[in-house]
Amino acid sequence: MTNTYILAIESSCDDTSAAVLKNDCVLSNVVANQDVHRKYGGVVPELASRAHLQNIVPVVDRALKEARISQNELSAIAFTRGPGLMGSLLVGTSFAKSLSMGLNIPLIEVNHMQAHILAHFIDEGTKRPEFPFLAMTISGGHTQIVRVDSFFSMEVLGETLDDAVGEAFDKTAKILGLPYPGGPLIDKYAKEGNPKAFSFPKPQTNELNFSFSGLKTAVLYFVQKQTKENPNFIKENMPDICASVQHTIIDILMSKLKKAVKQTNIKQIAIGGGVSANSGIRETLQSLGEKYGWETYIPKFEYCTDNAAMIGIVGYHKYREKLFTSQEVTAKSRWELGNEH
Ligand code: KG4
Ligand code: ZN
């Protein structure tokens, strides 16, 4: 059988990434982060698209070099069509379209959220989920519980009604004066803190839906009140505040996950998205798995946050099914998961 070489491009938010896959194995996965957003406490869309423009050529170049693959050996170009920031998506989409046209090879559109889920099928020599499984995708833009029946057939069972869980981390961090993205810093401080030091309210949402905007407000009021009494409150209590907020978030996520397992009777659980890099979430999922007999799947760290390798694995499976995209394609900032053909 001949090998398939996919060049994948991801530019949906603030990371410019390119990867080369040989079948389902990753040969290279280059990610350029954009530091320009740090001082603004969040992603500035206009700055993001400009940075993508600067990064895309060198990032693709490096991905090909690291993979020791020449453009002429490529079988197809896969790219993130959506969902994401329009200006950012347009950079990757236009680049992928022109490269596929120039090389005269197929173009393959990929849904970013589907890619976070299918990242589990990258060949790492470890066990992969069996269909059907439940995927909890937790990132800066999304919070979803998805029933996955095949590579291309997925159903969203529940999602956030307001903020994404990554925003809960990032906005809490901002309140605490930490730079963007705050998730990894909260994770770091939480390791040294007491998760029961402070308690925050948990939202009452129906079914399998989530809500995180109330938590952010609760943290803000709590910190304002405490700082009034003690101006050094944040400095003196950073680990305990972080541990307590993280504990609340984990509780919210895990109680919905338990509910989803009960409803569907599916005990194969995979997590994906940037927030699944969180060490507290990883540990809790593993111990719940042991307690309830779930098979749990946690992606390698570099396949949790935005990366092109996950776009490449979807590209590979679409290539096998000849699910190609026409040159007429345009970026799609909103794109619901469903039947992803
Ligand atoms: O998937 P991702 O890279 O981009 C989106 O598609 O949104 O996710 C980024 C999000 C940010 O909110 C970031 O703070 C969060 O993932 N994140 C974390 C951790 N690492 C990244 N949140 C909590 N703990 C972490 N260790
Ligand atoms: Zn993402």
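Every residue, even glycine, has its Cβ placed from backbone N, Cα and C.
For the substrate site, TrEMBL gives Thr137, Ile138, Ser139, Gly140, Gly141, Asp170, Gly183, Asp187; the one candidate out of Asn29, Asn33, Asn55, Asn278 that the record lists there too is Asn278.
Residue with the densest Cβ environment among the binding-site residues His116, Ser139, Gly183, Asp306: His116, by other Cβ atoms within 10 Å. The C-beta environment of Asn278 (substrate binding site), restricted to residues of the same chain at least 6 apart in sequence and closer than 8 Å, consists of Phe169, Gly183, Asp187, Gln246. Within 10 Å of Thr137 (substrate binding site), counting CA to CA, the binding-site residues His112, His116, Asp306 contribute His116. For ligand 2, the neighbouring binding-site residues among Thr137, Ser139, Gly183, Asn278, Asp306 are Ser139, Asp306, by Cβ distance under 6 Å.
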